[in-house]
Protein chains: 2
Amino acid sequence: MGPFPVVSLMVGSVVMSMAPDDNFLIAGSNATGTNGTEILIDTDARDAQRVLIASTLTFLVGILQVVFGVLQIGFIVRYLADPLVGGFTTAAAFQVLVSQLKIVLNVSTKNYNGVLSIIYTLIETFENIGSTNIADLIAGLLTIFVCMVVKEINDRFKHKIPIPIPIEVIVTIVATGISYAADLEKKYNAGIVKSIPRGFLPPEAPDVSMFSQMIAASFSIAIVAYAIAVSVGKVYATKYDYAINGNQEFIAFGISNIFSGAFSCFVATTALSRTAVQESTGGKTQVAGIISAGIVLIAIVALGKLLEPLQKSVLAAVVIANLKGMFMQVLDVPRLWRQNKVDAIIWVFTCIASIILGLDLGLLAGLLFGLLTVVLRVQFPSWGGFGNIPGTDIYRKVKDYKNVVEPEGVKILKFSSPIFYANIDGLKSSLKSTVGFDAVRVYNKRLKALRKIQKLIKKGKLKATKNGIISEPGISNEAFETDEEPEDNEDLQVPTKEVEIQVDWNSELPVKVNIPKVPIHSLILDFGAVTFLDIVAVRSIKTIIREFERIDVRVYFASYQDNLISQLERSAFFDDTVRKDMFFLTVHDAVLYIRNQMAYSDNQDPIFEKISLMQESKEPIEFTETVRPADELDVQEEAMRRLAS
Amino acid sequence: MGPFPVVSLMVGSVVMSMAPDDNFLIAGSNATGTNGTEILIDTDARDAQRVLIASTLTFLVGILQVVFGVLQIGFIVRYLADPLVGGFTTAAAFQVLVSQLKIVLNVSTKNYNGVLSIIYTLIETFENIGSTNIADLIAGLLTIFVCMVVKEINDRFKHKIPIPIPIEVIVTIVATGISYAADLEKKYNAGIVKSIPRGFLPPEAPDVSMFSQMIAASFSIAIVAYAIAVSVGKVYATKYDYAINGNQEFIAFGISNIFSGAFSCFVATTALSRTAVQESTGGKTQVAGIISAGIVLIAIVALGKLLEPLQKSVLAAVVIANLKGMFMQVLDVPRLWRQNKVDAIIWVFTCIASIILGLDLGLLAGLLFGLLTVVLRVQFPSWGGFGNIPGTDIYRKVKDYKNVVEPEGVKILKFSSPIFYANIDGLKSSLKSTVGFDAVRVYNKRLKALRKIQKLIKKGKLKATKNGIISEPGISNEAFETDEEPEDNEDLQVPTKEVEIQVDWNSELPVKVNIPKVPIHSLILDFGAVTFLDIVAVRSIKTIIREFERIDVRVYFASYQDNLISQLERSAFFDDTVRKDMFFLTVHDAVLYIRNQMAYSDNQDPIFEKISLMQESKEPIEFTETVRPADELDVQEEAMRRLAS
């Protein structure tokens, strides 16, 4: 356990926004003097306040982590996808760069916080670039250059040199020596570290009144700290063959943060390099922890004092030089874009959101965006009409394959996703485009034609026999009633047959109504990828079945998931029209069944019965103009009536 | 077009929160008198301000709607699922009830806004219930009773009476008469309507400075108003067979709201009952609109004055009596729960959120929650080991069916959902539970055993021959090296055979390492419902393949979606180990291939070669202890190194 760069940065941004320098301005040291207009900062009060904020934050993070652990929501880490983490850490690196840049330049800026604060800070840094301290800038640039070169050497020759050159340590020691020897502070007004407090602070209770201000940030920190620790832990767990209990880790980190929050400590997560050292030196028990703690103790008590003449710009430069790896992640984006556009977009979105909104809100925005992409990917699935590969029981997309044959009079639609409220319109439109007509429109047009036929029969211009409708000889031309719709006018000159005409909807009718042709008698929905249906989907599918039944197209379902039938049963899906015998194990089974049915069916059109009935009774028969099936209309109109009443 | 109850309510809540009565307090009318402590409300200023707020809101809603229309985001309406709308409108009804309750009681409360405001209002109403005006209460209760009874009669006998009794109109007229005749205001201090302004207000520019305060609410209102209008429009579009262009509707409503916002008007949506009347009376063109506007004009100019003596509590009671339908929606919840638990939870969540957070934030919360349920349903799919139904090429879940046979040495896992970052852990654990062992653990244990065998060979206690490993006669008992792990101690008394032992991992080994048995040689993943993979999933599946290959289990994929292969190609999935010949059209094809392969394979264990190599070289052979496949470790460690550096 120990500190981690990203977490340190997140804690730092909370501290800086809650206790900026501006809050601790005091008049110049000799306030009575008239030239005492110089404004100083009460660094002691400021630092005390900042430590209090950091330790209070640690305490709150600890509480949240314990709560998360107890509520068993360790699973939340799963939502931190790789592209999201990549974008987030790159944005964090950018935040660090901007915060360190003003230290390298030794330029002071106001403390911004909230949305766009990092951009404002960057702008102000460049506006004040004239006041750059040259000594600090040179020291910083030199440090960056040396660190980068040596790190590159370390990387290139990692197999030839026994241990990497600890360039950060060397640079720090050398720079401290130079600064002390040349007295850079006095001569060039360089910004130096000045004082490093020794020893330990007394325990201090966290300031509960700050909780409300830092709750959002501590939420993000609690998750991020935990996520980093668990992902490192998992690497070693796999290596040494043990299992990690995510919720137990949450509680452990939580308790340790609550405890250390009372001792002016900092949010604990994983100390990656120390873990690696301990593993490679064979440390396995808590004794190794005690020894490394002892070494840190010596450093705190004895060595801190020696670093006081060090320029702050050197420290900032060391940090900047180490950001290279995190910035290099930007190079992943083009590869990601090639491999998976959605993941690349998540990366970019999270990065930009974290820069603009700050790290805490940015992480949340990225997380929500990631979930939204999942919804969208489910919502807009691939779909298409399927056909048979001749001689096999295999069905493939007609568009993608040559030599795929659609069975005569059958359309097969595969809609590759669960069906729920957000994509039910998509299902309907894909259905319409697969079958090539709109079932409701066809029904309405047929109804219109039927009414006209009825009218003609009443006028005696037509009569219906067992063989269909016969127009009376000689007056057939007048028997044609035209549709009012102007677009039908062009059809007027179609030659008319003075022979027996049966009410076959796909042939010509004795009335002029443009009825779209229905070239199919069966529709198969391949439900192979429909893993769930919600209540809206169940209702809509029932409506679809009825709409097609009305125009004499039977609907079948094939290769459904095992749990679908029971789900449909619970949703009151089945009734007299919608029966279980519509469901087939495979598409091929459904096609074979349909072929069989067709061979033995007598193809009697139900409309014929109505028409003969008409003629016998001579009374107008009531056509129920239920444009939508009764129950859906009920539901919808009932809802509307309630809303409006 | 016209007003709609839910939208009116949403506009009302913005108006009340931005211009509460408290903002318009003035001293009593004779402020100079000592008993002038009575505090009055400057109703003229208040009403003017409220009208300005409502019309500004209308203007802003119009702008948003035009923007939505131009950006083509009419699709957003799809996310308003039925259960969400049900919960939301019930919460709206509750809000109306509470706001009208205090008018019926004639009790004054403070104006709350923000989170929980409706609850505070309700509490305060009951705290002040002592100051109830009895005349108003009686009038209100009577109105509610009469309205409810007559509405029930209307509903029961709707087929027998030609038109429903317009009880609201009758009650209003009667109550006005009674109030005027009995002079209820003077005698009982009843709250009456008092003044209804006549005529029209002059045009007034919207107050742009208010925009920032009302942006969230106007966002919700713009969406809700549009959603209602479009869903009503769709009913008629289906009936009269025309199509609605969602984005065009958005722009039309937007422009009309922008225009009317400048004339002190109110957000327009659909006027449901007027639409129904117009349709049933045969109105088809804009002339019908002009006529109905004329009637409204007469009402505004001439009839308003007559209603001034009406008690406000009667109006409030009419509103409450009409809420019955909306509250009855609560009865849907148990049915919804039986049919689909997730949808029931969405209903309840949206309702509670809209009551607690207010209508605008509540709608947003419900919307996000709805999307989250989709993610969760995709994230936790059904999965299971599949087996063959003997004599067919059909595979079904072993758990659900009797007489389903798993092919010898083959496990078949079907994971019924897309695979992405949030459920990749789920895939791994379902895999582990289906095959019955952990591939990484098996590999690590085998590696351990191999090291011990090597040690024994070096000591000369074992030797490897072409036929396997032979322990030297007589010293075989010492040859057994025990595993350090204590749980292995119980295995110590297992009798040892002093015969030739081959390194068959599923039989006993000459070293005491507990290696989990691997009873399979092939694993088939049924990808029938895997409609997409993200980059994390692709990497993890590659890792899974390698982990199984290392322990001599071949992985195959079956019944994949057509677009999967090209997606995997783009993601750099295929290489020397992971080849395209792992993919089969159906599970049965894969099983047949495996059966064929097994019949002709020589079953030579690759570990044997290593051991004979050992003996020949007598040098320790380096075992690469890559616990995870090289590239995943690379990716993960590389990321960690970057973060930590």
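Glycine residues also receive a Cβ, built from the backbone N, Cα and C atoms like all the rest.
Remember, TrEMBL labels are computer predictions, not curated facts.
Residues or ranges marked as transmembrane segment by TrEMBL: B:52-77, B:134-151, B:163-182, B:210-229, B:250-272, B:287-307, B:344-376. Taken from TrEMBL, the feature domain 'STAS' covers B:400-594.
Against the transmembrane segment (B:52-77), stretch B:210-229 shows more Cβ pairs under 8 Å than any other of B:134-151, B:163-182, B:210-229. Sequence-distant neighbours of the transmembrane segment (B:250-272) (same chain, 6+ residues past either end, Cβ-Cβ under 8 Å): 1-4, 7-8, 11, 51-52, 54-70, 74, 200-201, 203-206, 221-222, 224-226, 228-229, 232-233. Scored by C-beta pairs under 8 angstroms, the transmembrane segment (B:287-307) has its highest count with B:163-182, from the stretches B:134-151, B:163-182, B:210-229. With a threshold of 8 Å between CB atoms, the same-chain residues lying at least 6 positions outside the transmembrane segment (B:210-229) that come near it are 1, 4, 6-7, 10-11, 13-14, 18, 53, 56-57, 60-61, 64-65, 68, 74, 76-77, 80, 85, 249-250, 253-254, 267-270, 359-361, 363-364.
Confidence annotation: the domain 'STAS' (B:400-594) carries a mean pLDDT of 78 in the model.
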